[in-house]
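Here is the structure we will look at.
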Amino acid sequence: MMVCMSRVWQRGSGFAARLRKRDWVCKSASLSVRYYSTKTAPQIPGMEYQDAICTLNTLQTNASSLEQVRRERSHPQQQLQAMRGFLERAGLMVEELDHLNIIHVTGTKGKGSTCAFTEQILRSYGFRTGFYSSPHLVQVRERIRINGQPIGKELFTKYFWQVYGRLDETKDAHGGTMPAYFRFLTILAFHVFLQEKVDLAVIEVGIGGAYDCTNIIRRPWVCGISSLGIDHTQILGDTIEKIAWQKGGIFKPGVPAFTVKQPEDALAVLRDRAKEIRCPLWVCPELDEYQADCGPLRLGLAGQHQRSNASLALQLSHTWLQKRCLPDKSLPSSSVETSGVLRAASFKPSPIMVKGLADTEWPGRNQTLKHGAVTYFLDGAHTMRSMQACVHWFREIAAQHERNASGPVARVLLFNATGERDSAAMLKALVPCHFDFAVFCPNITEVIASCNADQQNFNVSVENMLTRCLDNERSWRLHNSLEDNKGTQLLIEGSLPLVPEKKADTLVFPCILSALQWITQGRDSVLADPAKRVFPVKPSVMAKAAPLCEAAEIHVLITGSLHLVGGVLKHLDPATSK
């Protein structure tokens, strides 16, 4: 049984009696992996961080409740009303959020990067910043940041039990209801930012905008919409117009809003939404139009697609600063485009803004890590547009690294995709990268049971995750005109997982660690750490790795899912788990 469950039991029999064990068992071929969750309740003095995380995980939507959630989506206004109720039960009022001086950002692609740029710029001015984003990569604390850093375990634990305790104490009077995982974390973030007295809070929308639980915000100081595309179609709709309508739902009367260049149909919807809500809307200029003394602006985040995010961040931070420091000054000057949407004027970024853009870091997005002979390229792209941007970035950056390599380079793709996303289309976009191997695994950090509660996901079964990996492998083989071996299966022997025996350049592993260990072939000292259990594989599978052993360097692109990237970072950078 997990260590975190044991700790909760030790807190007292009365409390521990309310625990409920959930046994997640997957049997794919002979593979059997067990996962446990705990069902805990109110605040108890001395509860630790992992106890809080295990308790938080009980708020995840399990498989049996998904259908109920889908039904609730047909009454989205009720979701926002429910969110207000949970907020009040936690001891907060919607009106209190007005004091957080919020910058509210949505979009399909780039909203997290936009928030990161914006937060870094304003923090560079000396303001105390709060930043709420999702998902987390390694630890859930990453979602709630103060001055750019995830809140500490002690602070998270303290505020978690304050909020959870209030909600638990009032649940009997409200039909036993508790907020779902993301709703709870949103309430927790608001509570933390108010308690920690931040000067401003940058809030990233979860999904959509109009009915996202962050949209209980009444009076943000400025709103932003990054690049739009097709994603979360079951929730937001299957056309760019429907998605744009949802995203435009964060507009507020009289609150300035900015967006980047959008598809014409999407921009028309945003314009109509802004007019309906009486919200002034501007389209950001190209980044090249900002004239800085230092010449072309340098960005801390790689990739051409980050340029529009940086322009949006400049407009958001500039407008926030105007309202904070020059409250009587009019809104940004602009000209009118033919679309009827105002075009925001470029301006000369201050030296602090220039430095803020250059200093921005956002792990898991166009990130490069070099560990000796192995170089990892990490990007959590999970839509077609973001995958196209990822491919453009990878081909460019990998070519630079190959030119500097001391000899032949082996290219490996490590891929996973989740949910309703079109993984076949994303894999097709990756074909031109010419990988020597394509490796697939679920978003399971390691098969050996451990108290890795931060990365547990009960929204999908292990069996479904593994099946999806096999489907992804099949798609890759079809795209590359490789013969399809319908006998592919995950095998296990002596309680240790083995990769499938294949005659092509694709492999499926049962967890992230086993995949990374095979790809790196002992050439990454971090993964060769004795503390990390090595998964022995068949001699025939080891023979496949000859090109990896013979290459001067190994270049690995990890993409398709931010959760996959997070699981990889947990192993590559142990400090992220501390």
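Cβ atoms here come from the backbone N, Cα and C positions, even for glycine.
Positions annotated as Mg(2+) binding site by TrEMBL: Ser134, Glu204, His232.
Cβ contacts within 10 Å of Arg365 (ATP binding site), excluding its own Cβ and spanning all protein chains shown: 26. Annotation source TrEMBL lists ATP binding site at Arg365, Asp379.
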Glu204 (Mg(2+) binding site), Cβ-centred 10 Å count of other Cβ atoms over all protein chains shown, is 24
Fill in the CA-CA distance, Arg365 (ATP binding site) to Ser134 (Mg(2+) binding site), as an integer in Å.
13
Reported as an integer number of Å, what is the Cα distance between Asp379 (ATP binding site) and Ser134 (Mg(2+) binding site)?
15
Around the Cβ of Asp379 (ATP binding site), other Cβ atoms within 10 Å, all chains included, total 25
